[in-house]
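Colleague: When I checked Swiss-Prot for this same protein, it listed these features:
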BINDING   3-17  FAD binding site
Amino acid sequence: MRVLILGSGVIGTTSAWYLSKAGCEVVVVDRQSGAGLETSYANGGQLSFGYTSPWAAPGVPLKAVRWLFERHAPLSIRPTTDWNQYVWLARMLRHCSAERYAVNKSRMLRLSEYSREALEALSAETGITFEGRRLGTIQLFRTQQQLDAAVRDIELLTQYGIPYEVLSPHQLAKFEPGLVDGSVRFAGALRLPHDQTGDCYLFTQRLAALAAKRGVEFRYGCKVQRLEVDGPRVTGAWINGALERADCCVVALGSYSPLLLAPLGLRLPVYPLKGFSLTLPMIDASRAPVSTVLDESYKVAVTRFDERIRVAGMAEVSGYDVSLNPRRRATLEMVVQDVYPGCGDLGRGEFWTGLRPATPDGTPVIGATPYQGLFLNTGHGTLGWTMSSGSGRYLADLICCRPCEISSEGLDMFRYLVSTIPCPQECAPCVPPTP
């Protein structure tokens, strides 16, 4: 089977890897000059398998109103003329109930835990390195109210058998001694000892190189113009003015996926959630994080690589704008100075932004569509790095008609019922096109 993958971020690249291993002929196209140069380039570096949570959570609507007036708000909204922005926000608000939060988090945990297993197996098989650390993640709570609110997450962690530790302020220093030098006295923390860290860009680049050795063809500098449709089937894509035919097309274009699908009558509720990062040269290892921490108040993570510190987070709903907002840099600098003062050189920091493809419920969209031969792997939001290996392996099983190792419930686009065309029975999510 010839598979055409549109997008060479971490999602497209892991999809290519697993489809190649399944025996498919794989071609990957991307508009950039190499793999992982957009949203995968400088994300937070956290492999948050256990911390996985949707942004749509109880209390967020009221917090969002308050955040409108805060300089360092973790979530901000910049109105645009795009009606999709308001439709997406309305859908997200509907998922902020405790009931929906539990359902969505459960789906996300299912995929994240599977992704942990997939990455472990991939790493053991290939020996791939990406400045990874297996020292856990710590969620920091500045207030007792935040700590108390973590109870609902702890209940789901217990349900899924995910190890965790609730840390007192005194216990924090055992795992992250550098916090002692900070100006914040935290109320407590939640530690997930099995979570990991690593550079997503390094992983994507190196996995692409390994996939190329297996015969996967990567074509860069390619503009994907539209999908080719023949009746109920997608038969390829127009790229740089030429038709590239394939038995199966995988759309892994992140936030840009809905733009390609719209002409087919598919209204995919994926919208860009703009994130920011600041990468600092490490100047004092004793003041740096041992692994990674997430400041719950600002939704900012501070992560250690070999010789660098990555400070990343926040979310800005502002359409497809990729300009660098100096106020967001100020927030990142404030947080790292609060928690790990003197760990990195702020003067030489690399400020970056990326558009994270978010769904209203937080769960990505992986699987079949109403069109035969067209599959999706997109909408991972802030957790593309975390979910990438599991998403790629799961998708390869679907496309190649192999039994999936996890439930497909709630993972494909049919949960939204937003297509303007009927879904053919032979193209149900659990019945991929015949190879």
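Any Cβ shown, glycine's included, is placed from N, Cα and C.
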Colleague: List the same-chain residues at least 6 positions away in sequence whose Cβ sits under 8 Å from the Cβ of W17 (FAD binding site), in sequence order, or say none.
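Modeller: Sequence-distant Cβ neighbours: L122, L207, L210, A211, R214, V216, G392.
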Colleague: Who sits close to G9 (FAD binding site): which same-chain residues at least 6 apart have their Cβ under 8 Å from its Cβ?
Modeller: D30, A35, G36, E38, T39, S40, T204, A252, G254, G384
Colleague: Quick one: give me the count of other CB atoms within 10 A of the CB of I5 (FAD binding site).
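Modeller: The answer is 30 other Cβ atoms.
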Colleague: If you count the other Cβ atoms within 10 Å of each Cβ, which of the binding-site residues V3, I11 comes out on top?
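Modeller: Max Cβ neighbours within 10 Å, all protein chains included: I11.
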Colleague: I'd like the Cβ neighbour count for G7 (FAD binding site), meaning other Cβ atoms within 10 Å of its Cβ, all protein chains included.
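Modeller: Neighbour count, Cβ to Cβ under the 10 Å cut-off: 30.
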Colleague: Let's check the environment of S15 (FAD binding site): how many other CB atoms sit within 10 Å of its CB?
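Modeller: Excluding its own Cβ, S15 (FAD binding site) sees 31 Cβ atoms within 10 Å.
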